[in-house]
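Here is what TrEMBL says about this protein:
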- A:73-94: transmembrane segment (TRANSMEM)
- A:106-129: transmembrane segment (TRANSMEM)
- A:141-164: transmembrane segment (TRANSMEM)
- A:176-197: transmembrane segment (TRANSMEM)
- A:226-249: transmembrane segment (TRANSMEM)
- A:256-276: transmembrane segment (TRANSMEM)
- A:296-314: transmembrane segment (TRANSMEM)
Amino acid sequence: MTRASLALVVLGPFALLGLATVLTWVERRLLGLWQDRHGPNRVGPGGLFQPVADGTKILFKQDWIPPFADRSVFILAPVIGMMTVLLSFGVIPLTDTLWIAGNLNVGLLFILGMMGLGVYAVVLAGWASNSKYALLGGMRAAAQMISYEVFMGLSLLGVVMLAGSFNLRTIVSAQAGLWFIVPQGLGFCVFLLAGLAETHRLPFDLPEGENELGAGFHTEYSGMKFGMFFIAEYAGIVLISALIATLYLGGWRGPWLAPALWFALKTGVVVVFFILLRAALPRLRYDQLMALGWKVLLPLSLLNVMATATVLMLRATP
Amino acid sequence: MPLALVPEPPPTLADTIAAPLPPGGLLATQVTADDVACLWISPASLRPVLASLKARAGSLLMLFDLTAIDERERTHRDGQPEGAFTVVYHLLSLSRREDEVRIKVALPAHDPALPSICDLWPNANWYEREVWDLFGIRFDRHPFLRRILTPPTWTGHPLRRDHHARATEMPPYSLTEDHEQAEQEAMRFDPSVWGMKRHSEHSDFLFLNLGPNHPSVHGVFRIVLQLEGERIVDAVPDIGFHHRGAEKMGERQSWHTYIPYTDRVDYLGGVMNNFPYVMAVETLAGITVPPRAQMIRIMLAELFRIASHLVFYGTMAQDVGQLSPVFYMFTDRERVFSLIEAICGFRMHPAWFRIGGVAMDLPNGWDRLVRAFIDDLPARLDEYDAMVMRNPIFRARTKGVGAYTTSDAVEWGVTGPGLRATGLAWDYRRHAPYGGYDQLDFDIPTGECGDCYDRVAVHVAEIRQSLRIIRQCVDNMPAGPVKADHPLTTPPPKARTMHDIETLIHHFLSVSWGPVIPPGEARCCIEATKGVNAYSLISDGGTTSYRTRIRTPSFAHLQMIPQLCPGIMIADLIAILGSIDFVMADVDR
């Protein structure tokens, strides 16, 4: 392992955390813009240092663990949440030759696996808090994330079939002629919705659902442990956006600009779209969310797999 | 020779009341300043009379109000039966204005008690609890006769005349640790006491204490949920956290200085709350309000209706998870407030109505400001329709959720948009036009199935109707004085004070002590932002009210929530709470 790649492994996660922190500011400013108000604009130029102020405040908060909570699990939960997101980033190709950790030829499977583990963070947090609102949030999260994982994987199968690989770099290379968003439009839509549900963002933010459950699974969390959930959520948004950019929008590919810049640009557009959705949409009800998943999105993703396979077979037979 | 048939008006409910009464049942009839039939009956005949009235009047007879009066210190009771307490049942017929009737029962000082009428009108439940709590009058066979507005540890019954009214009449308060423990212990939730089971055949229930601190209960409302998974099996609301003794304060403040207190009852309604209060005082004093003052009052009340409905609209969208609308609607509400500020000099609680008129004439250029606003808002409302009302997720969350029928609504005393959403075009401004509303043209928007969506839709349509009313006010604002020329108005007329000593003395007394309102009883209703709001005032010929009763719409609306709960999810309950449009100050007073 070269020194450069070692540095990347060490510094990469920190850069990501920094990025996620800045994203909290971006989201608040954008929401402010769309909601006819200012948003945080006092700390630093345009309020840019607001995340620093927030981070400092959150670090100095009392590290409170409720006496009724299951101590070890209560501490473990946010760590899992943070780790799974950061690990997933390791295998996403930033350019043709640049990864944080390295090129993995089952990269996509690895990311799906990590997302699967990410459910534990929310479920364990809800369970270990030993509080009713947290429990309800944890229950919702478990049901939601497990069901949406099913067709998140299925919706990706189309991409995998077209590229013939789980390797993310191969997948990007396969989009040299045409971005996969065109042949895989349906799969893209399903993946986008599943991604929203995975990161529990509006309109799928039921595990938190502040109008109903206070704060849902992290009701009892405060200080830096809450901060970890918070940052992990934003890192999760970046992750899903980066995945969408990689799988459907041609990754680093693009004319004129540097590849890394293209990648960042595409990811950024998807992130902003996520924020726009939050500004625009109300929240689904729990049973409606499950019905949408199992009755609409699952059949659609199966249909997508079948259609892709049929087209591929027809093309393969002379 | 054929007799000319002169159609006689059909007899009113009050006319026919004697029929089921046993001999001696009807004790007296009382004439009140508000011309509502008022009958005194014996305690024994109470239930038969009410049951027969309900049977004869059909489904649109509402138990509008149930309250009590402590008569022990009252001097002007000519012709009224002897008694230390009076319980008042106020029945409102939605189909015919003349059928409104007030039934009074006199009770002794020692252990006053009456049979409960919860089986006749389900909404009597909370009203009887309130009377028990505040007056100490028992209701036999009541299912859950506990304190409702004061804490369970309270001693005494606050609305009795001998109960202290202010903290300064009590020894200094100190909270010892034991006392704190005891108070906390009294708050403990025990499902069996609240009438809930802990287990079903198959499972244990989860009890969730929603509120009094919760983002979606719009203030300090507590509702305890019995859950199976996320489905609600049963729900019990608990109120009283916002109780400030507004009715007790009415017995302390002068007629004039009570006006600002009314603003804060429905704190989103502003001067809308002054309206029924000053009208009731004017009825007692026999003051006729000049036309310009009437029109100004209506215009401001409708502006406040818009402001309140905008808050409702935004928070409702917020409650189903939509983040942005509330910001746009609060921006519009700011514009309403800047209008109100330009006219009254104050934003949320202007206390701008006066006994006999309003505080001041309109400022120069007011019509330009108002016109600019009413020209501008409809386009913004169209945008909100696209954003909220036509949003498929919003529709999915609200359509078919929390529906009730017209007859349910009447049984539970629901008025306002919640009643109109069920399809009944009933609006107090039409039913019994007050304060000049008979000169204005407006429609009564209705819904179809009385679900959350319809309630929101009715609110939105009402904003447009209010704009229409305001436009008519602007176009046809009469000239003339803004306060009646009457010695009992406040502040009293000053023009001739420097000419003769007698007028100066009267003016001095009226300003320093407040006007002396002639003895009598009057009740005035208005169609407030959330439903029918009524002030019942009793004057004993003094400078303060002898009894101030505030009948608020939110109180009735909250009481029916448990009816809508069984089988729904928590998220539906939040949508229902949002769509019902209540503020806790309006519930607890």
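Even glycines carry a Cβ here, placed using N, Cα and C.
Among the stretches A:106-129, A:141-164, A:256-276, A:296-314, the one making the largest number of Cβ pairs under 8 Å with the transmembrane segment (A:176-197) is A:141-164.
Residues of the same chain lying 6 or more positions beyond the ends of the transmembrane segment (A:106-129) and with a Cβ under 8 Å from any Cβ of it are 66, 69-70, 73-74, 76-78, 80-82, 84-85, 87-88, 91-92, 135-139, 141-142, 145-146, 149, 152-153, 156, 160, 166-169, 171, 198, 200, 207, 216-221, 229, 232, 236, 239, 243, 247. If one looks beyond the transmembrane segment (A:73-94) by at least 6 residues along the same chain, the residues whose Cβ comes under 8 Å of a Cβ in the stretch are 9, 12-13, 16-17, 65-66, 100-104, 107, 110-111, 114-115, 117-118, 120-122, 124-125, 127-129, 168-169, 172, 220-221, 225-226, 228-229, 231-232, 235-236, 239, 242-243, 246, 251-252, 259-260, 263.
Sequence-remote contacts of a segment are chain residues at least 6 beyond its ends whose Cβ falls under 8 Å from one of its Cβ atoms, and for the transmembrane segment (A:256-276) they are 23, 26-27, 30-31, 34, 94-96, 98, 196, 199, 201, 237-238, 240-242, 244-246, 249-250.
For the transmembrane segment (A:226-249), the list of distant contacts is 16-17, 19-21, 23-24, 27, 55, 58-59, 78-79, 81-82, 85-86, 88-89, 92-93, 108, 111, 118, 121, 125, 156, 159, 168, 171-172, 179-181, 184, 187-188, 191-192, 195-196, 198-201, 218, 263, 266-268, 270-271, 274: same-chain residues at least six beyond its ends, Cβ to Cβ under 8 Å.
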